[in-house]
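For reference, TrEMBL has these:
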type: ACT_SITE; residues: Cys244; note: active site
type: ACT_SITE; residues: His323; note: active site
type: ACT_SITE; residues: His407; note: active site
type: ACT_SITE; residues: His411; note: active site
type: ACT_SITE; residues: His440; note: active site
type: ACT_SITE; residues: Asn444; note: active site
type: DOMAIN; residues: 103-389; note: domain 'FAE'
type: DOMAIN; residues: 408-486; note: domain 'Chalcone/stilbene synthase C-terminal'
type: TRANSMEM; residues: 43-62; note: transmembrane segment
type: TRANSMEM; residues: 83-102; note: transmembrane segment
Amino acid sequence: MDSPPNSPPNSNENANVDSNQCRYLPNFLPTVKLKHLKLGYHHLMPVLLNVCLIPLIVALFVHASKMNFEYFHEVYSHLQYNLVIVLLLFLFLVSGSTVFLITGPRPVYLVDYACYLPPSHLKVKFCEFMELSRLTGEFNESSLEFQGKILERSGLGEETYCAESMKLVPPRRSLAAAREEAKQVLFGTLDKLFANTNIDLKDIGILVIHCTVFNPTPSLSSMIVNKYKLRGNIRSFSLGGMGCSAGVIAVDLAKDLLRIHSNTYAVVVTTENMTQNWYYGNKKSMLLTNCLFRLGCSALLVSNKSSDKKRAKYKLVHTVRTHCGADDKAFKCVHQEQDDDGITGVSLSKDLMAIAGGALKTNITTLGPLVLPLSEQLHFFIALVRRKWLNSKIAPYIPDFKLAFDHFCIHAGGRAVIDELEKNLKLTPEHVEPSRMTLHRFGNISSSSIWYELAYIEAKMRVMKGHRIWQIAFGSGFKCNSVVWQALCNVKPSPKGPWEDSIDRYPVTIAS
């Protein structure tokens, strides 16, 4: 529940929200530091070593192909009298090959994924949202006016969805209602995923689920194990409190587990739950989440089985995680707390956008050496060195990430952050279209939004074999995380996708 939102309108009671500071992401690229670049090259070195070995092996084969029979006969005659050398060489080759196969990373494939499409009766128009807020009797006129202005500027459309308990008057805020919401979105998404992939559920060895603000006992992962009767030795994890970037964190955890445990499936689920976490107070900085967050869920089937390569949609290429929690301002910029009246909500600091810019700078500088073409890396590195040691007034060189990626899935946390990333990374309107349309159609659906965006790209039939997709998201703490996928085929949308009934109407024009 914590990506950079839109700025609130001016108000006499801005309550820790400064519109000038909160609206814009700072121009972070001119301040990139060498220490951030080192992180990327640290990730790159193991890959580079393998790449350097390939030409050496090719050269050896080419050289061997030019040798005649007499040469090999002479070598054989020499070695038959040096049995110890032959045995040592054989043991070296066998042990070296064994170590390489054991320690080398296993490929990780995304077989398929599913996104939850709520029933139509859960759609909430702006006027209905405002009427429901008014009928609670919890908000004063200033807060109602504030929420109305936020909705107008949010980038959300009139077809987003809210939890069923929120449409009741008064709202049903019980633990039972929250569990019902969780079951509705989790089971609805997983039923669709399992139907589309047709796997034996007993083959699932790993389960990772994330929900920031709803973590009941038994856990959400236990709820899934119980529903689908998953096997007793499944490695299950319930992540909580990690914000909108936790979808990438969950994928990264599943990747690490799959590289340890062979021949298995991992299911990754990301969602959010608002039933008990709607804010019913009048502090402006805590009302933003009410206006932006909506109902959604995604579920992924990830595999390390070589047999799944033929039917998988994508191969996992990179995950890069950045955590700025050591800094006090970053740690507190998205904070669940109680207001002066003891009402719990999530407060967004006026420093949020500046902190997001710093986290993003570190993340993309680390990612750059892994994905950018060599020419872009050289231009960037030379410009960075010249600025640092020769002339600080030299204009910075901005790497062109469009040369590294074909598609961009920027977390649809709010209109402002999409605008600013488009400007800072010099993206085209088509590159940010999936994010804008996801925000318009579904609202901020937390950590699952990057999957609704990828589903949008697939529904538009834009993903071709070999294309690279960059998913990037922000989260409380403060975190910025990226994951890179490569398409293994010309990807078609999966049956019953979230855009199936509306893709023909998109893109739409969003009023400024």
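Glycine is no exception: its Cβ is also placed from the backbone N, Cα and C atoms.
Comparing CA positions across the active-site residues Cys244, His323, His440, the one lying closest to His411 (active site) turns out to be Cys244. It is 20 Å from the Cα atom of His407 (active site) to that of Asn444 (active site). Once Cβ contacts within 10 Å are tallied over all protein chains shown, the active-site residues His323, His407, His411, His440 are led by His411. If you take the CA of Cys244 (active site) and look 10 A around it, the active-site residues you hit from His323, His440, Asn444 are Asn444. Taking CA atoms as the reference points, Asn444 (active site) and His323 (active site) are 22 Å apart.
Here the active-site residues are Cys244, Asn444, and the one whose Cβ sees the fewest other Cβ atoms within 10 Å is Asn444. Calculated from their C-alpha atoms, the gap between His440 (active site) and His323 (active site) amounts to 29 Å.
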